[in-house]
Amino acid sequence: MMPVANLTEMTPSTIILNGIPGLEEAHLWISIPFCSMYLIAMLGNCSLLYLIWIEESLHKPMYYFLCMLTLNDIAMGTCVVPQALCIFWFKLKEVDFNACLTQMFFIYTLTAMESGVLMLMALDRYVAICYPLRYATILTNSVITAAGLVTFFRSAIVVMPVVFLARRLPYCHTNVLPHTYCDHMSLVKLACASVKTDTVYGLIVTLVIGGLDIFCICFSYVMILRAVLGLSSNEARSKAFGTCTAHVCTMITTYTPAFISIITPRIGDYRVIPYIQVLMANVYLLLPAILNPVIFGVKTKQIRESFLKIFIRGKAGSEIPQDRIKSNKVCAEGEKTTKPGTRRPVPHTLMAML
């Protein structure tokens, strides 16, 4: 058995994030879509948060869960893209080993959180369609807050062992990580010991968390389908299905690239070109953050109407009507031409008010 002191010496103090392997010369050009995607994601998600915050008609459980998803997407992009841009622009590749583990913890916690919030949104649609009269009494603010906290702590608790398992490994080969962020499987492959435990646990967490959430989502939609098909009106069925469209599209754009990116390094490492694998790992973290505001903005009627209401209100407030300008000119001219002691004419706008 290797002494503890030797294991400690084999723990690197820093990790070198080398960016996208094989495309180091094109890092500057690659940074353009990375930066653009990040800015679009931040703008879209922050706009959606602001809209929900100021519009009272959106202060409902469905939109509170959407706020959780939006905050999660903002945090996810911020965990990854600034680090990648530092590599691309300033060649700042050296990262403290503990900071690398911290980044890894938050990335995987937020990934699990995203899945959990999608599950909560499916349960929200189930309650809204199957128990519409009890919707407000079941999904109270305290229940929503508790559900969000439980989802976060569930994610953090199952991801924490991943960090400790990676921390205990001896890294005697190299400290150069061919990635833009501290990816779990890419990191443990630098170790000079068996990583079977890390691989199996990571795969179990992925399948258990994702599998449990997808099971709850499928159960919710089976019950929703039964309730909707029982409605007598085609219009009512169409309206009920319409409230679920945005959520279904979000699930597709989230789960599809996520499972491809997470499972590929474990079962197809020798079949995938390294730079394709790294690019996929970045895209699956950024793609939902970009598409979610667009999906909910296009597919959700209340969000569309609230946005148009605020846009029209802001446009109307910034423009002074021409009839008001003309009436003000008439008043000013009347004040100049009226002789002392004579009765001043009443403006047309005031006559209209009277």
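If you go along the chain as it appears here, the first residue is 1 and each next one adds 1.
Placed from the backbone N, Cα and C atoms, the Cβ positions cover glycine too.
Unlike curated entries, TrEMBL annotations are predicted automatically.
The transmembrane segment annotation in TrEMBL covers 28-51 (among others). Within its own chain, the transmembrane segment (28-51) is flanked in space by residues 20, 58, 66-67, 70-71, 73-74, 77, 81, 84-85, 88-89, 282, 286, 289-290, 292-294, 296-297, 303, 306-307, 310, which lie at least six positions past its ends and keep a Cβ under 8 Å from the stretch.
Positions annotated as domain 'G-protein coupled receptors family 1 profile' by TrEMBL: 44-296.
Feature annotation from TrEMBL assigns transmembrane segment to 63-90 (among others).
What TrEMBL records for 105-123 (among others) is transmembrane segment.
Annotated transmembrane segment per TrEMBL: 143-166 (among others), in sequence order.
Only residues 6 or more beyond the boundaries of the transmembrane segment (200-228), in the same chain, are considered here, and those with a CB under 8 A from a CB of the stretch are 112, 115-116, 118-119, 122-123, 125-126, 129-130, 154-155, 158-159, 161-162, 165, 184-185, 237, 240-241, 244, 251, 255, 258-259, 262-263, 266. The annotation transmembrane segment is assigned in TrEMBL to 200-228 (among others).
If you look at the transmembrane segment (240-263), the same-chain residues 6 or more away from its ends with a CB under 8 A from one of its CBs are 62, 69, 111, 114-115, 118, 121-122, 125, 128-129, 203, 206, 210, 214, 217, 221, 224, 227-228, 231, 280-281, 283-284, 287-288, 291-292, 295-296, 298-301. The transmembrane segment annotation in TrEMBL covers 240-263 (among others).
What TrEMBL lists as transmembrane segment is 275-298 (among others).
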Integer mean pLDDT for the domain 'G-protein coupled receptors family 1 profile' (44-296) | 89
